[in-house]
Number of protein chains: 2
Amino acid sequence: MGHGTNRVEDMASPNNGTTAPATANARETIVEIHSVCLPPKKTAFQKLKKRFGDVFFPDDPLERFRNQTWRNRVILCLQSLFPIFTWGSQYDLKLLRSDVVSGLTIASLAIPQGISYAKLANLPPIVDSSFVPPLIYSVLGSSKHLAVGPVSIASLVMGSMLSESVSPTQDSILYLKLAFTSTFFAGLFQASLGLLRLGFVIDFLSKPTLIGFTAGAAVIVSLQQLKGLLGIVHFTGKMQFIPVMSSVFSHRSEWSWETILMGLGFLAILLTTRHISMRKPKLFWISAASPLASVVISTLLVFLIRNKTHAISFSEIEKTKTEEMKSLMQIGHLPKGLNPPSSNMLYFSGTHLALAIKTGIITGILSLTEGIAVGRTFASLKNYQVNGNKEMMAIGFMNMAGSCTSCYVTTGSFSRSAVNYNAGAKTAVSNIVMASAVLVTLLFLMPLFYYTPNLILAAIILTAVIGLIDYQAAYKLWKVDKFDFFTCMCSFFGVLLVSVPLGLAIAVGVSVLKILLHVTRPNTLEFGNIQGTQIYQSVKRYREASRIPGFLILAVESPIYFANSTYLQERILRWTREEEARIKENNGSTLKCIILDMTAVSSIDTNGIEALFELRRRLEKQSLQLVLVNPVGSVMEKLHKSKIIESLGLSGLYLTVGEAVADLSSTWKAHGQP
Amino acid sequence: MGHGTNRVEDMASPNNGTTAPATANARETIVEIHSVCLPPKKTAFQKLKKRFGDVFFPDDPLERFRNQTWRNRVILCLQSLFPIFTWGSQYDLKLLRSDVVSGLTIASLAIPQGISYAKLANLPPIVDSSFVPPLIYSVLGSSKHLAVGPVSIASLVMGSMLSESVSPTQDSILYLKLAFTSTFFAGLFQASLGLLRLGFVIDFLSKPTLIGFTAGAAVIVSLQQLKGLLGIVHFTGKMQFIPVMSSVFSHRSEWSWETILMGLGFLAILLTTRHISMRKPKLFWISAASPLASVVISTLLVFLIRNKTHAISFSEIEKTKTEEMKSLMQIGHLPKGLNPPSSNMLYFSGTHLALAIKTGIITGILSLTEGIAVGRTFASLKNYQVNGNKEMMAIGFMNMAGSCTSCYVTTGSFSRSAVNYNAGAKTAVSNIVMASAVLVTLLFLMPLFYYTPNLILAAIILTAVIGLIDYQAAYKLWKVDKFDFFTCMCSFFGVLLVSVPLGLAIAVGVSVLKILLHVTRPNTLEFGNIQGTQIYQSVKRYREASRIPGFLILAVESPIYFANSTYLQERILRWTREEEARIKENNGSTLKCIILDMTAVSSIDTNGIEALFELRRRLEKQSLQLVLVNPVGSVMEKLHKSKIIESLGLSGLYLTVGEAVADLSSTWKAHGQP
């Protein structure tokens with residue numbers, strides 16, 4: 001065992017080689033051993049409390065209330081319930097000026113966007129959601145830059161899910177009721193997630209899932225716009241790729257070349273302005289103003305053409321507009337004006353309740369994901385905190401209130417917030433300004449929108465959703481992580497070919513499967529010592545790491561659970577067989593000890609402990625010793641409780657691999673073993 | 001930074017304190033730094049191949065074929081397909097003697113058990129599965145001690161699942177067809193799992209799940225036996241606790257005191273013999289023989305009583321027996337004799353096909369779990385290997401063949417195998433001996449079983465299943481791991497109160513949820529240096545570990561995934577805030593660097609990488625440096641591909657925490673920072 005003993009000395013000596021060689025012999029058997037501690041004792045209740053705190057209160061919301069007077073606590077409490085109290089007292093004219101400018105800017109975007117997105121959700125344009133929700137958010141929300149409004153994904157999902165069961169044109173009142181009811185459930189779901197502090201649920205929508213999902217949804221929406229852009233009158237009610245494409249090509253006789261020309265023209269203008277703003281962020285106002293400008297120009301154009309001559313080319317525009325207006329008129333009990341009360345239209349029974357709840361939950365979670373992500377993005381740009389659970393409650397209450405005032409699902413919109421941020425918004429007051437501007441417009445200027453052609457709304461929607469297809473992100477996924485790319489593709493094709501909720505479910509399932517697969521088949525690595533140090537590293541990865549005769553050092557890179565305990569046990573035994581075969585081939589010294597480095601074993605359950613017991617028993621039959629190194633706190637505790645530490649014996653547990661090797665080698669030497 | 005520099009010297013010096021103090025100054029700035037390696041380069045295909053191999057071929061089945069002549073390879077291939085070739089050539093008379101003794105012993109257990117379990121599955125006693133399946137297993141199976149036959153869990157699950165849709169007394173032919181069809185699907189499912197090498201699926205039935213499930217199922221079975229033990233004629237067809245108990249007490253008028261007395265008497269005898277055998281394993285034959293003895297005695301007793309007088313007390317026994325026999329007679333096209341062909345009774349269409357498939361999959365996975373676990377248990381007692389995937393194929397083919405020869409689901413039975421092992425079985429020949437003994441009995445002695453009372457079968461079943469309630473294991477779970485105990489209880493009450501498949505699904509769901517919860521909310525620990533060593537450990541757990549001024553060293557104990565990347569980012573920022581507050585309180589030196597020990601981060605995905613980017617950006621805004629230490633191979637590769645290493649800079653990646661601290665401290669000192 002001469003080699004082994006030299007190594008002990010190697011490890012004990014410093015790396016710089018200044019030690020006098022005379023002391024080397026004296027040091028050979030001196031090995032300082034640190035014992036492995038149990039974590040501080042805690043009762044089951046304390047542990048549960050800590051675990052509970054970690055899961056539900058990772059942000060430690062009560063931290064700021066500590067060491068405060070009662071008066072301060074009340075103020076802090078009010079501030080945390082209504083963030084407006086935090087910044088309200090310091091609000092001044094300078095801030096107001098910035099907020100007015102940015103508020104007016106987003107209002108000019110909000111009106112055409114509101115009408116387009118309502119159309120996306122198959123709702124009449126009067127259902128504009130840019131008034132009540134922003135007001136509520138400005139009181140409850142903790143983000144300063146979030147601009148609230150309907151978003152394309154949620155509108156699209158609501159439109160596609162509801163219209164598969166109920167026709168928005170034939171059953172318009174039922175459809176409207178369903179839309180408000182699902183908005184209510186979306187809000188209820190969001191607020192409950194926040195109240196129950198279950199915010200981590202949205203973390204299960206991983207980035208790859210969302211990239212694929214958004215791209216798939218964007219393609220679906222774009223295809224729907226072909227109706228407006230091509231001037232097709234008879235269009236399929238389905239949303240999937242194949243039926244829509246077949247519908248487009250089977251109605252080729254309905255294609256109207258004038259509509260196509262005008263639509264493509266506006267599309268080109270909108271895309272160009274968007275491109276300019278992306279290249280030069282200072283010119284953001286060009287892309288912010290262009291939708292409104294396009295709407296105004298195209299409305300005027302249609303008005304003029306119509307006054308001059310009843311051109312055939314626009315007949316279908318007229319027709320659909322008239323149909324839409326008629327369906328609006330049919331809703332007799334929906335009073336005119338902005339945001340009339342609609343709580344009487346919510347219903348909590350009937351055959352379509354399940355659909356409304358399902359739609360509510362899916363649109364709720366999607367809009368929440370976008371809202372939280374957008375809020376976090378802009379907060380991190382200005383270095384302030386956005387509280388996830390509080391945001392959820394704000395968005396949830398805003399939707400519940402919205403559902404009672406003729407609004408459908410709203411959230412923090414990425415496009416509006418970006419414009420808001422660029423326009424210099426300072427506080428949530430910009431939302432109030434926007435809401436007021438929208439109010440005025442819709443109250444007094446709404447009749448002017450009568451002549452707005454469908455094609456311009458289609459062009460605005462297309463411009464918005466094309467930007468959502470992030471092929472560069474998908475390419476990056478491919479380069480960095482093939483499995484993430486696979487998840488992304490599942491989500492994309494699932495949404496495109498199957499259905500929106502199923503596509504999402506498939507992608508989440510695949511993501512969870514990845515976690516399970518990683519846990520089921522964890523890595524085990526063989527470690528070796530890096531010459532002249534105490535460092536032990538993978539022999540495959542570090543060429544300077546060399547095996548130590550007599551030892552097989554294995555690192556397990558995963559918690560040991562029921563799902564992998566049998567596998568790990570068999571894998572470690574296979575490592576042993578392979579190592580013994582290798583030794584036989586090279587005539588090395590016999591294997592005597594298996595060291596398991598448990599540093600990366602972050603958790604263990606009773607199956608894992610049993611597997612360790614079994615492993616020890618089976619290794620002992622082959623006269624091999626099993627040694628555990630550096631189990632983490634929770635693992636150590638369970639090993640202790642299950643008495644496996646006692647069964648391993650005194651030399652069965654070390655703090656570092658180096659100490660284990662040194663101590664065992666010197667023991668063997670003392671007992672005169674080779 | 002005087003303190004920090006001293007620490008560098010501390011770490012570089014050996015632990016035994018023999019270094020001359022004169023050299024200390026010279027060493028201060030000499031810090032040996034090891035660079036972090038990338039793992040050896042592999043193409044995406046190679047990685048996929050390795051991953052594929054890890055998942056599907058963890059046992060490396062082709063290992064033994066390497067470096068062999070072609071002739072040897074053919075022999076090895078035959079041996080691995082039919083393990084009988086491995087031991088067949090060395091079989092001798094001495095082995096045969098042991099196998100005959102043990103085979104006859106298990107046959108004496110097999111006959112009453114076979115009849116009882118068939119009754120449990122609501123099948124006529126002629127459907128005995130102890131002939132064809134054991135013969136097939138003896139050729140294909142790789143375990144030497146596994147005794148094959150029907151098992152209580154699978155019989156019970158099949159009985160309860162099928163009889164909820166089809167009445168076994170009124171629709172007996174359909175019921176029999178369904179039983180054979182589900183046996184076929186069970187076999188098909190088992191064999192496919194083995195062929196596709198998806199054996200790890202059964203690992204998802206964790207020990208706690210199985211303990212709870214078995215106990216719940218045992219209680220359900222025990223309650224069903226109340227019918228026979230109390231002599232109730234009109235019994236509920238349901239299996240759940242509440243309807244069965246209400247049925248028992250609502251038919252109190254049917255309770256027959258003579259039946260109860262005789263039943264309890266035999267139950268006491270059976271339980272006593274079982275207890276004796278458990279205390280003194282050498283007396284195993286007492287418990288092995290007592291079921292057969294009880295059947296013989298009770299049958300004789302009933303025969304004598306009946307001949308003397310038509311006692312009212314046994315009228316109901318007679319009645320049910322006659323009904324059973326009648327239903328047997330009804331199956332006109334089932335030829336008499338043992339194991340008649342039944343392939344004509346399989347059906348692959350019709351309304352009940354889905355039920356048959358579902359029952360097949362659930363009984364298949366349950367019997368597989370028992371079979372593999374029992375096989376492994378006895379293999380490890382005699383120190384030989386049982387190949388999981390091969391066992392699955394053997395059990396699967398045995399059931400597929402069984403379904404065509406009037407057998408229902410069979411597997412390696414724990415009780416039989418234990419008796420087999422205790423009786424000294426040496427090879428699978430004991431299964432052949434048992435099958436032959438059963439053949440003779442059933443062919444010639446079957447009519448004698450006409451007078452066997454139901455109560456004795458109930459008593460045998462009760463004795464068998466009471467032993468399955470492992471309350472000690474449940475108590476151990478409670479002590480070692482509260483969450484595992486919770487899983488166990490979910491499984492127990494789910495089976496008892498809801499239904500067998502749903503109870504199982506709930507328990508598997510809870511187990512998977514535990515994995516996800518662990519991944520979603522991973523531990524982060526603050527590390528400190530243990531004085532005079534290079535060891536860094538949790539400051540909470542090791543009192544001798546002390547923080548290093550200027551540094552915050554955090555260890556992340558989990559892979560970084562989409563499910564936890566946001567949480568980890570926020571948690572690390574909270575650590576930073578807390579550390580800064582602590583420093584302020586103690587007037588310590590300012591925090592300058594956050595070191596993330598990535599040793600336990602066994603995997604990372606694109607969300608995790610993005611979170612690290614974001615974390616670095618946010619820390620930089622607070623003029624804090626982020627340093628990563630010791631990322632494992634796969635993580636390092638992804639960090640490299642995503643260019644985060646470059647963005648962290650030269651001093652952003654170290655191999656050990658010690659080296660990071662030493663190098664950064666000396667750099668700061670060189671730049672004259674405090």
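Glycine too: its Cβ is placed from the backbone N, Cα and C atoms.
The feature region 'Disordered' is assigned by TrEMBL to A:1-22.
Per TrEMBL, the feature compositional bias 'Basic and acidic residues' maps to A:1-10.
The compositional bias 'Low complexity' annotation in TrEMBL covers A:12-22.
What TrEMBL lists as transmembrane segment is A:145-162 (among others).
Look at TrEMBL and you will find A:174-198 (among others) tagged as transmembrane segment.
Sequence annotations record features per position, and here TrEMBL assigns transmembrane segment to A:210-235 (among others). If you look at the transmembrane segment (A:210-235), the same-chain residues 6 or more away from its ends with a CB under 8 A from one of its CBs are 120, 152-153, 156-157, 160, 241, 244-245, 247-248, 251, 254-256, 258-260, 263-264, 267, 313, 316-317, 319-320, 369, 454-455, 457-459, 461-462, 465-466, 468-471, 473-474, 477, 487-496, 500, 503-504, 507.
Under the heading transmembrane segment, TrEMBL lists A:255-271 (among others).
Non-local neighbours of the transmembrane segment (A:283-305) in the same chain are 105-106, 108-109, 111-113, 115, 262, 266, 269-270, 273-274, 276-277, 311, 314, 317, 418-419, 422-423, 448-449, 451-453, 455-456, 459-460, 463; each lies 6+ residues outside the stretch with a CB under 8 Å from one of its CB atoms. What TrEMBL records for A:283-305 (among others) is transmembrane segment.
Summarising the annotation, TrEMBL assigns transmembrane segment to A:345-368 (among others).
Within the chain, the transmembrane segment (A:428-449) has long-range Cβ neighbours (under 8 A, six or more residues past its boundaries) at 83-84, 91, 95-96, 98-100, 102-104, 106-108, 110-111, 114-115, 125-126, 128, 130-132, 134-135, 137-139, 141, 143-144, 146-148, 295, 299, 337-338, 420. Among the features that TrEMBL reports, transmembrane segment is placed at A:428-449 (among others).
The transmembrane segment feature in TrEMBL is assigned to A:455-473 (among others). Within the chain carrying the transmembrane segment (A:455-473), a Cβ under 8 angstroms from the stretch's Cβ atoms is held by residues 112-113, 115-117, 119-120, 152-153, 207, 211, 214-215, 217-219, 221-222, 225-229, 231, 259, 262-263, 266-267, 270-271, 274, 291, 294-295, 298-299, 317, 415, all 6 or more beyond its ends.
Positions annotated as transmembrane segment by TrEMBL: A:485-513 (among others).
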Discussion item. Using Cβ atoms and a strict cutoff of less than 8 Å, what residues sit near the transmembrane segment (A:174-198) while being 6 or more residues removed from its termini?
Written reply: 56-57, 121-124, 127, 154, 158, 162-163, 166-168, 331, 334, 342, 345-348, 352-353, 355-357, 359-361, 363-365, 367-368, 389-404, 406-409
Item to complete: Could you tell me what the rest of the chain brings near the transmembrane segment (A:485-513), counting residues at least six beyond its ends with Cβ under 8 Å?
Response: 156-157, 160-161, 204-206, 208-213, 215-217, 219-220, 239-242, 358, 362, 474, 477-478
